[in-house]
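A.B. asks: What follows is a structure written as structure tokens; I'll ask about it next.
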Amino acid sequence: MGLEHLEEFSYPKEHGEEVEYDSEQGVRKIYVKSIKETFNFDNVSEEEKQEGGDYYLGKKEDELDEVVLRPNPHRFVLFPIKYHEIWQFYKKAEASFWTAEEIDLSKDLVDWDNKLNADERYFISTVLAYFAASDGIVNENLLERFSSEVQIPEARCVYGFQIMIENIHSETYSLLLDTYIREPKEKQRHFDAILTMGSIKAKAKWALRWINDEDSTYAIRLVAFAAVEGIFFSGSFASIFWLKKRGLMPGLTFSNELICRDEGLHTDFACLMFSHLKHRPGRKVVEAIIVEAVDIEKEYFTDALPVSLLGMNKDLMCQYIEFVADRLLVALGNDKYYNVTNPFDFMENISLAGKTNFFEKKVSDYQIAGVMSGTKRAEKDDHTFTIDEDF
């Protein structure tokens, strides 16, 4: 995309926007709220909007009181390690390194052409179209905002490694689309999904508005991007695990396991960083962000799943998204909002957050030998965001 398209993502701060959906499925509009509309707490008492209240939005001056954010003259030197939990996340990520060249797609085209029907191909290609753009959006936030805002070197190491692995995810998804979709115009339409597919454009708009917002605190934007990686990705991961359950598309499903593990680690890390903040937004503020992300994700699956498939439909997927959202809310210190069960039996033993058994399993030998040996094994803490067990 050339520079002439940049105005597509100049998000209005005061007013939301209707995103048109233009496809053979028909035309409809998805409304993406402005940040002001998200936090429309006009009927709430002033007391509840103060720090400690459920509707506290935070203040920019709070950040000068945050150890992880205030100017740190020692940020250029890594040792001695002061934040061992954060450093452990970096070492886990480092030990999990992989490349797109390790994914074998040689058997996938046979399944794509002969074992998936047209509705299933539409569903999976829509999922991949979102994924192909989403990692670039996550990286823009890391490059433009989080990496420069956070002042402790341990966290900067995590963000730096995340930028690299998100590039590998983006390369992998682009490679998958390039392999499966062979008609040139259709292929380009999927690569341009944040401009051509309304529900994907809405997800992109929602994420990009937080990057562009100069008023929201780091804490609020941390919750928003935990939602991007923990909610906007979760249903799409589940859709590919659904193929794995059926024994289809081994290259796609293997890459999905690796990427799901990585993104789970990123979501866990967001929750850990949130726990390190002294001035956190109120519970209702966190809830408003998560619930809004869920609503947009449900709109997305209305488009991605226009018909019911075997063991997969829009209603089940929407319930699964609510289930995962509750787990994220709890990991951020909130109560559950939806109180629903996991509708997918094939996701019972999968964590979206790098749960220890999933991390150690590594699908094969994807933990680089020796990387973890120099660090103390972190004990399981209260910030692990799982999608299978009840609290």
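Placement of Cβ uses the backbone N, Cα and C atoms for every residue, glycine included.
Sharing the record's features from Swiss-Prot:
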BINDING   D135, E166, H169  Fe cation 1 binding site
BINDING   E166, E229, E263, H266  Fe cation 2 binding site
ACT_SITE  Y173  active site
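So that I understand the layout, could you describe where these features sit and how close they are to other parts?
C.D. replies: Using a 10 Å radius centred on the Cβ of D135 (Fe cation 1 binding site) and all shown protein chains, the other Cβ atoms total 25. DSSP assigns D135 (Fe cation 1 binding site) to a helical segment in the three-state reduction.
Listed in sequence order, V138, Q162, E229 are the same-chain residues six or more apart from H266 (Fe cation 2 binding site) with CB atoms under 8 A from its CB.
DSSP classifies Y173 (active site) as helix under the three-state reduction.
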A.B. asks: So of E166, E229, E263, which of the binding-site residues has the fewest other Cβ atoms within 10 Å around its own Cβ?
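C.D. replies: Per-residue Cβ counts within 10 Å for the binding-site residues E166, E229, E263 bottom out at E166.
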A.B. asks: Relative to the mean position of the Cβ atoms of D135, E166, H169, the recorded Fe cation 1 site, which additional same-chain residues have Cβ within 8 Å?
C.D. replies: S134, G136, V138, N139, I165, N167, I168, S170, Y173, I259
A.B. asks: Do you know offhand how many angstrom separate H169 (Fe cation 1 binding site) and E263 (Fe cation 2 binding site) by C-alpha?
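C.D. replies: Here the two Cα atoms lie 10 Å apart.
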A.B. asks: Show, in sequence order, which residues other than E166, E229, E263, H266 on the same chain lie with their Cβ within 8 Å of the centre of the Cβ atoms of the Fe cation 2 site.
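C.D. replies: The surrounding set, listed in chain order, is D135, V138, Q162, I165, H169, F233, D262, L265, T267.
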A.B. asks: Taking the Cβ of Y173 (active site) as the centre, count every other Cβ atom within 10 Å, in any protein chain shown.
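C.D. replies: Around the Cβ of Y173 (active site), 23 other Cβ atoms lie within 10 Å.
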A.B. asks: If you draw a 10 Å sphere around the Cβ of H169 (Fe cation 1 binding site), how many other Cβ atoms fall inside it, taking every protein chain shown into account?
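C.D. replies: By my count, 23.
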A.B. asks: In angstrom units, rounded to an integer, how far apart are the Cα atoms of D135 (Fe cation 1 binding site) and Y173 (active site)?
C.D. replies: 9
